[in-house]
């Protein structure tokens, strides 16, 4: 997110410094060649005086004076101040042979008035050199203190062109401890700063060596019309982004019970970050807020914030915009990681994100905080009038590259990796396991793959645009600085040309940043926020708002409710103790157990449950199913661990073997069952009455399901007193306790000796049921079972 950058270079010259250029390197060329630049012919005496001044002064009459011919003053005013004496000499001015020429040079030097602090200290020096007091053929020499006072405030003169030889603080021209008449003159020290510089007394606002002047608050590289155009652009896209992200947040909150699921809820936090960021961008449109944010109290641009003597409005806007942006991009990485891991766990009961959500929050909120504190510590927050905000690296693009481009580039690499892996996982599930997917699940996978592809394309495109715009700024910033420098010098020409009646040039900035590039850069930032909000632009969102409206207005919602079978079974098992006391009660399901799709409906896969519809017959038999699954057991039945043998002392060890019955075996068993039924109708075999077990007493406990009328798989084995269970040999036999004559033995069942029977009837030959697993095995082998 780059905004317009002012062309601030390390070498912006003083506006009035062009005076030195117009002088033709004043003092140097004149002193070395002996040629004057003033108008009119030079007298031989004037040339001799200049030559004497340069080659070496004659022996001084005293420590603070030098012999020189005096001439009456033709101009009794020097730089706007009246001189208290009436005679002067041109001996000390190495670039002037006459008073007229010296007066013209002073006019050119007056361009330094645009550097207020330099102008305040250089006026006495210039008057003491160009129009010194001369009395009795003796000229006063300026003191060394007067010369040294100009070196600091006027450092830009030394840096740009260098001081002339006759203005260098040498002991022969500027002796120590001398008083000068000029030092008693009161000069007008109220200098001014030429546009685009403004006057300021705050040293932190001074621009480089131009003490007393700072860059104006409004970016000088753009016109007022361009400022207004950019502000309207930011207002439009900022408002659209804010409204889209706000709608997303409201949709999540309206159905928070179903929306608060990972990974979909991560989109809530991403949109929250971009919503807060858009608020930071739109804050400038409050009355007077933009100037308060990007401008200092002295009218200069905010640079190097935070500072102790300025308000915190700039820092607050920076924290809002930058922290929200960095948190949003980190949440994007977490989102792609959550998608990747969730897609890998499809079709299983494994919850890959369980226990990791706290680490997600720790990472996404702490990392941007560290970056924000680091930027504030190095004081690299700058304001920009075009964008209307404060951000990092407007002045120094290296900090912008390190704190903006580097994190975004890392996000692009890591997030892109997880996003591509997630799409590949979905494609693998769809192509390698087509028979395991219901039509609804396959449709969701296709929709999600398409949306992830579009989303990834937009994310990569926006990041690429951001990088391109920033590189455009980096590579052209030096050229913009040179163009701005020429513009400043041109403005100085206008200032000097007015009093000297020289031609006035037409000043304009030749090379400057493109406003279109700045708009494209901002579009990438706002477009990312809009793209994040599109995940809730689904039909499920319309249903959420419909239910919310009905709830708020008290209207009835005629939408058919869907309750997942898994939720009904879980609730039935949770109420098994109540069903034990009252087997006839019916289960009621409140609206809180009704499951709706969240706003991000495309990410809710359920490969194991192709349909969520529940028939009335299925719902009525939930309690029966609970009993058949062993959740409700009679109080007189003992429950022991699975596969724990409890054989009677006088019988062989028998127990049911858990096994999976293939469909072919079930068909065979069904046919055998039918044959046994037909045989019973012809010749029923009644068991002896003495072998019947006693009738159970009346009880409210629901009856256990009847065991199937078919052969059971029994493991039989015998061992001696010294043998252990593991040393014995086990064989699978058919249950010999059925009264019917057994048909020919199946080839897949081995033969074994039959143990002694103890009962007759449908449950004859079976030992006591010792565990819930036995109940479930019995149910599994029942061909008439619905579950």
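Numbering starts at 1 and runs along the chain as displayed.
Glycine is treated like the rest: Cβ placed from N, Cα and C.
The N-linked glycosylation site annotation in Swiss-Prot covers 35 (among others).
Per Swiss-Prot, the feature compositional bias 'Low complexity' maps to 38-53.
Feature annotation from Swiss-Prot assigns disulfide bond to 64-178 (among others); the stated evidence is experimental evidence. Counted within 10 Å of its Cβ, the other Cβ atoms near residue 64 (disulfide bond) come to 17, all protein chains included. The secondary structure of residue 64 (disulfide bond), as reduced to three states from DSSP, is coil rather than helix or strand.
Mean predicted confidence for the domain 'FZ' (65-181): the pLDDT average there is 85. According to Swiss-Prot, the domain 'FZ' annotation covers 65-181.
Cβ neighbour count for residue 134 (disulfide bond) (all protein chains, 10 Å cutoff from its Cβ): 25. Mapped onto three states, the DSSP output places residue 134 (disulfide bond) in strand. Under the heading disulfide bond, Swiss-Prot lists 70-134 (among others), citing experimental evidence as support.
In the three-state DSSP assignment, the secondary structure recorded for residue 78 (disulfide bond) is strand. Counting every protein chain shown, the number of other Cβ atoms lying within 10 Å of the Cβ of residue 78 (disulfide bond) is 23. Under the heading disulfide bond, Swiss-Prot lists 78-127 (among others), citing experimental evidence as support.
Feature annotation from Swiss-Prot assigns disulfide bond to 118-154 (among others). Look at residue 154 (disulfide bond): DSSP puts it in coil.
According to its DSSP assignment, residue 169 (disulfide bond) is coil. For residue 169 (disulfide bond), other Cβ atoms within 10 Å of its Cβ number 18. What Swiss-Prot lists as disulfide bond is 147-169 (among others).
In sequence order, 79, 80, 81, 123 make up the list of same-chain residues 6 or more apart from residue 188 (N-linked glycosylation site) whose Cβ falls under 8 Å from its Cβ. The N-linked glycosylation site annotation in Swiss-Prot covers 188 (among others).
According to Swiss-Prot, the disulfide bond annotation covers 193-213 (among others), on the basis of experimental evidence.
The number of other Cβ atoms within 10 Å of the Cβ belonging to residue 295 (disulfide bond), over all protein chains shown, comes to 20. Among the features that Swiss-Prot reports, disulfide bond is placed at 217-295 (among others).
Annotated transmembrane segment per Swiss-Prot: 234-254 (among others), in sequence order.
The feature transmembrane segment is assigned by Swiss-Prot to 263-283 (among others).
According to its DSSP assignment, residue 309 (N-linked glycosylation site) is coil. Long-range Cβ neighbours of residue 309 (N-linked glycosylation site) (same chain, at least 6 residues apart, Cβ-Cβ under 8 Å): 202, 204. What Swiss-Prot lists as N-linked glycosylation site is 309 (among others).
The Cβ of residue 390 (disulfide bond) has 28 neighbouring Cβ atoms from other residues within 10 Å, across all protein chains displayed. According to DSSP, residue 390 (disulfide bond) is assigned to a strand segment. Positions annotated as disulfide bond by Swiss-Prot, on the basis of experimental evidence: 314-390 (among others).
Taken from Swiss-Prot, the feature transmembrane segment covers 315-335 (among others).
Geometry remark: residue 70 (disulfide bond) versus residue 169 (disulfide bond), CA distance 24 Å. The two recorded residues, residue 118 (disulfide bond) and residue 295 (disulfide bond), show a Cα separation of 25 Å. Checking Cα-Cα distances from residue 314 (disulfide bond) against the disulfide-bonded residues (134, 213, 217, 295, 507) with a 10 Å cut-off leaves 295, in sequence order. Of the listed disulfide-bonded residues, namely 178, 507, the sparsest Cβ surroundings within 10 Å are found at 507. Here the candidates are the disulfide-bonded residues 127, 134, 169, 213, 295. The one whose C-alpha lies nearest to that of residue 64 (disulfide bond) is 134. Across the structure, residue 507 (disulfide bond) and residue 390 (disulfide bond) are spaced 30 Å apart at their Cα atoms.
DSSP gives residue 118 (disulfide bond) a helix state. With residue 213 (disulfide bond) as the anchor, the candidate disulfide-bonded residues are 127, 178, 295, and the one with the nearest CA is 295.
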